[in-house]
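Here is what TrEMBL records for this protein:
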type	residues	note
DOMAIN	1-181	domain 'Formyl transferase N-terminal'
BINDING	Gly11, Ser12, Asn13	N(1)-(5-phospho-beta-D-ribosyl)glycinamide binding site
BINDING	Lys64, Met89, Arg90, Leu91, Ile92, Asn106	(6R)-10-formyltetrahydrofolate binding site
ACT_SITE	His108	active site, proton donor
SITE	Asp144	site 'Raises pKa of active site His'
Amino acid sequence: MKLAVFASGFGSNFSALLEAEKQKKLSAEIALLICDQPKAKVIERAVNESIPYYCLSPKDFPSKAHFEKQLVQILEEHEIDLIVLAGYMRLIGSTLLEPYRNRIINIHPSLLPAFPGRTSIADAYYANVTESGVTIHYIDEGIDTGPIIYQEVVAKKPDDTLEAFESRIHSVEHAIYPTVLEKIIQEGETNEKTSVN
Ligand code: GAR
């Protein structure tokens, strides 16, 4: 089972997944990083761990379809089975979605459908919620929509700073993303065996 991680920024979830692979808690190979931001910290992480990476921006292509066609070609060349979004701040279009439907998973730092988008932790914090959380879901055409696989509630304490709340949410992400992915991989393999027998 070969995974490609897509990320746009800091890459703490990418590192958590790599750590899980090293500790054999994730029975898949993180074979590739796809990044759309040349200055993203996540690229340094890939270089340090000798993970091949591609940095491509849609603005260098005539259309989003051309951009995604190039991504599909890279994914096919590397025989990628599953795409794992980890802070990839771009909507997936049909050119990429169709060949990988039900094989693209996202993590989002809120209890979807509440607080979709790029600033969900701050949005929940300033909305004075008493709890928010983390959602892991399959990708569809929408922004942070698609069938939900798993959600975990994270409390917001009355005296939390935004940073403390953010850090609690990230800790939960780093703990649950590898575990949930491992479960999906195991269930997929069981289903494959059942359908062959
Ligand atoms: C994570 O909190 C992830 O859930 C979020 O971006 C952050 C990336 O952090 N994703 C979204 O908001 C998707 N809509 P990281 O680069 O340190 O892994």
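Just so you know, glycine gets a Cβ as well, placed from its N, Cα and C.
It should be emphasised that the depicted structure is a prediction, and the values quoted were computed from it without experimental measurement.
Mapped onto this structure are the features recorded in TrEMBL.
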| residue | record | CB count, 10 Å |
| --- | --- | --- |
| Gly11 | N(1)-(5-phospho-beta-D-ribosyl)glycinamide binding site | 23 |
| Ser12 | N(1)-(5-phospho-beta-D-ribosyl)glycinamide binding site | 18 |
| Asn13 | N(1)-(5-phospho-beta-D-ribosyl)glycinamide binding site | 23 |
| Lys64 | (6R)-10-formyltetrahydrofolate binding site | 16 |
| Met89 | (6R)-10-formyltetrahydrofolate binding site | 13 |
| Leu91 | (6R)-10-formyltetrahydrofolate binding site | 12 |
| Ile92 | (6R)-10-formyltetrahydrofolate binding site | 22 |
| Asn106 | (6R)-10-formyltetrahydrofolate binding site | 23 |
| His108 | active site, proton donor | 24 |
| Asp144 | site 'Raises pKa of active site His' | 20 |
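Within 8 A of the CB centroid of the N(1)-(5-phospho-beta-D-ribosyl)glycinamide site residues Gly11, Ser12, Asn13, the other residues of that chain are Ala7, Gly9, Phe10, Phe14, Ser15, Ala16, Val42, Arg45, Ala86, Gly87, His174.
Non-local contacts of Arg90 ((6R)-10-formyltetrahydrofolate binding site) by the CB criterion (under 8 A, 6+ apart in sequence, same chain) comprise Ser8, Asp36, Pro58.
Of all residue pairs in the (6R)-10-formyltetrahydrofolate-binding list (Lys64, Met89, Arg90, Leu91, Ile92, Asn106), the one with the greatest Cα separation is 20 Å apart. Leu91 ((6R)-10-formyltetrahydrofolate binding site) sits 9 Å from Asp144 (site 'Raises pKa of active site His'), taking the C-alpha atoms as the reference points. Annotation: Asp144 are the recorded positions among Gly11, Ser12, Asn13, Asp144 whose CA atoms are within 10 angstroms of the CA of Asn106 ((6R)-10-formyltetrahydrofolate binding site). Proximity to ligand 1 (Cβ under 6 Å from any of its atoms) holds for these recorded positions out of Gly11, Ser12, Asn13, Leu91, His108, Asp144: Gly11, Ser12, Asn13, His108, Asp144.
Calculated from their C-alpha atoms, the gap between Asp144 (site 'Raises pKa of active site His') and Gly11 (N(1)-(5-phospho-beta-D-ribosyl)glycinamide binding site) amounts to 19 Å. Here the C-alpha separation of Met89 ((6R)-10-formyltetrahydrofolate binding site) and Asn13 (N(1)-(5-phospho-beta-D-ribosyl)glycinamide binding site) works out to 14 Å. In the three-state DSSP scheme, Asn13 (N(1)-(5-phospho-beta-D-ribosyl)glycinamide binding site) falls into the helix class. Across the residues of the domain 'Formyl transferase N-terminal' (1-181), the predicted structure has a mean pLDDT of 97. Ser12 (N(1)-(5-phospho-beta-D-ribosyl)glycinamide binding site) and Ile92 ((6R)-10-formyltetrahydrofolate binding site) have their C-alpha atoms 21 Å apart, to the nearest angstrom. Comparing Asn13 (N(1)-(5-phospho-beta-D-ribosyl)glycinamide binding site) with Lys64 ((6R)-10-formyltetrahydrofolate binding site), their Cα atoms are 26 Å apart once rounded. Between the CA atoms of Ile92 ((6R)-10-formyltetrahydrofolate binding site) and the residue listed as 'active site, proton donor' there is a gap of 15 Å.
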